[in-house]
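Student: Features from TrEMBL:
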REGION    B:40-128  region 'Disordered'
COMPBIAS  B:40-51  compositional bias 'Polar residues'
DOMAIN    B:199-252  domain 'Large ribosomal subunit protein uL5 N-terminal'
DOMAIN    B:258-355  domain 'Large ribosomal subunit protein uL5 C-terminal'
Amino acid sequence: MNAGQKSARRIAASNGHLPRDTICTSCRHRLSHQPRRHAATAAAAAEEQLPPPPQQAMQHIPPVTAKAPAKAYRLLASPVLSRPPLLTRELTSFEKAYYLYQKRLNERLAQPFSRYFYYKKGTPGDVEWKRKAKARQTAARDIGVYNAYGREGWNDEVLYGDQTAEPENQVDALIRDAEGKNIVDDQPVGDADKDGEAVTGDATVGEGQRRELQKIEVERPMPRMTEADRANDVRSLSRKLDRSLYLLVKNKEGRWRFPEDRVYGRENLHQAAERILIQSCGINMNTWIVGNHPVGHHAYTYALPILSKLAANKLVPTSAAARRGEEGEEREEFGEKAFFMKARIMAGQADVSKNEYGHSEFQWLAKEEVKKAVTPGYWSSVRNMLAER
Amino acid sequence: MALQEVTTAFLKRFRACNGPLYQASKLQCRQYATAGDGQETNELQLSSSGQGMRELEESSFLGGDGTSDTAVQKFDPARTARTRNRRLPPSRYQYKSPRYYRGPLHPHQPPKPSDPSSREFAPGPFSLPRLEQTYHDTFAHDFMTMAYTHFPPGLEPHKKGDRLRPWLGESPYYKNRPLRGPRGGDTLKLLRKPITFRNVPKLERVTVHTMVKGAIDESAYLHVAGMAMQAITGVRAEAHKTRTSVAGFGIREGQYLSVTCDLQGEDMYHFISKVVDVVMPKIKDWRGVRGSSGDSSGHLHFGLTAEDVALFPEIEVNYDMYPPRMIPGCHVTIHTSAKDDRDARLLLTQVGVPFFGKLIN
């Protein structure tokens, strides 16, 4: 049994009054109650003769009158507020090439497109389909000009430097197709060299001209780069849409940390995290604390113990002496232990103008930017709980 | 000739490979078709100067690359083939995979199904679905955080009793007898283990099923149902025979009355995102998936009526091509790797499926 377990056992076994502000509520609750007994374990436990509980021995000890301040660590809750990625990530060059190759292989192996099912003979849709399919030689619209059934069907790999697999070009081809144009400009089809003028006599051109008159404007997808990306606005939530962004604040000492505060009274880490988000970054955020358990912790020991007074927090009715308005108890603190609670932001924006902790600024940063902003000791505690993307 | 075949095949399979490091370097440093700008080449140079590359064997792929720009520009196999006058030897360039597998010792082995020359080759995947990325980047972490159970040091999770009971009693027939089954039934429920990073529940597959009543009298209903299911799922539909005759319904044994599509991987992710993001918001007066749905081992079910199926974008674009009143409704089964319905429901809630009513686990 390691030391940590021993000490926890001792706390549990003492069965006395567990100090409130040194241990989180759920742990205190679990430790101060007997573990649940189930039918299977109860039978086994009944056979062993349990030693007399240690309470009886402890009752003989006269209660110590604690005059000196209590000694403890400062217990902090720290919500790690993140905005999950909103966009898919950029594909690697290998993935782009692989997907294009697989699509071309699929064209080679799939059954031909059943035009008769989708277009009735002689309808404008049918005419348009035939015109477009003639230009691109295949049913798929995003694999470039490629004839899977022809003599050169084997030539399904694009050459080095070919841009067909780039997502912008594929989007472009799809939009051109939706607008009624061919996916490629004046591509010579087979032997016939058809320019704009060469096909004037063709019946299909009338259709194409009508399309021109209608001016079908297909909405283009929004760009992946936003204004905030270009300006590198670290306070904006619309920056780096394909990454997770984390909220960091600059505290009184001028260090970048996740927002943090003491746990007061009987509140648990989840409630503390919710309160800290409100007190540090305002109410203009729709947030959600994921789960009741911390995702990480950071421990720090002070060079010299600090004598601090536990004041009340106005949002926590159970905090020490909150109701009576008297001075809180004194405590000698050796260091601090911050527990990180995972949180997500759905809407809104942080606002540190009215915060109660003396924060001066905030930033929304991706993981590698967090590393640059925080101290190395803090980074080593938080690095493993931040998502790569 | 046969002897020669044996030797070449044998040698091919038992030849000492060039060494894993060499292969790895080849895989890592290959230039792909889309590497148009200098980014990839920069990466290549950076990585080749790095510590990891120096440990690799010497190869033309590392540092310098060997090929000049003009050689890259000139390389065009289609043009070379067009200008070639002589015929290539057919035995080498027109390979056909053997039709039958004749055992592991046969000299003529079929290629693996992942090889495009194999008869079993199925192309794909063609994209990296958004839902899959979101699962890996957002849902999985959050699920693990939500499902975590904390035991302070010194406390252990309670041990459950044995699931199978021993035979207790004086009877000599109880000796060496296999354990008794669980109380109240002969099936053991799946064992739910604590969720760690290894066993976060994920979507495994989706089965879309429709039984077409109209196909009892007219097979056209079955064909339309198959086309509709293929359109909305993107995979080939499989028709099923009825196993027994039911006189009351007018069903004879062996009739084809139902169609299923089994979706996995990319198709599954595309289908689920389509249902959740496009179809479900458009269904009128729909309260969600019933909370009692599920088979208590992590598989959840819901149904879509014929009107809901018509809301799929693939059917909506050419709704007129389907004969009137022949579009079928369907049942959707979502198989997750969760061991109980509560976890499966939590996962689907993350994906965006709403649940209503009493949640039964």
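Each Cβ is built from the backbone N, Cα and C atoms, and glycine gets one as well.
TrEMBL labels come from automatic prediction, so no person has curated them.
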Student: Just to confirm my parser: what is the rounded mean pLDDT across the domain 'Large ribosomal subunit protein uL5 N-terminal' (B:199-252)?
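Tutor: 95, rounded to a whole number.
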Student: So how many of the residues in the domain 'Large ribosomal subunit protein uL5 N-terminal' (B:199-252) end up helix, strand or coil by DSSP?
Tutor: 18 helix, 15 strand, 21 coil
Student: Taking DSSP states H, G and I as helix and E and B as strand, how many residues of the domain 'Large ribosomal subunit protein uL5 C-terminal' (B:258-355) are helix, strand and coil?
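Tutor: Within the domain 'Large ribosomal subunit protein uL5 C-terminal' (B:258-355) the tally stands at 41 helix, 23 strand, 34 coil.
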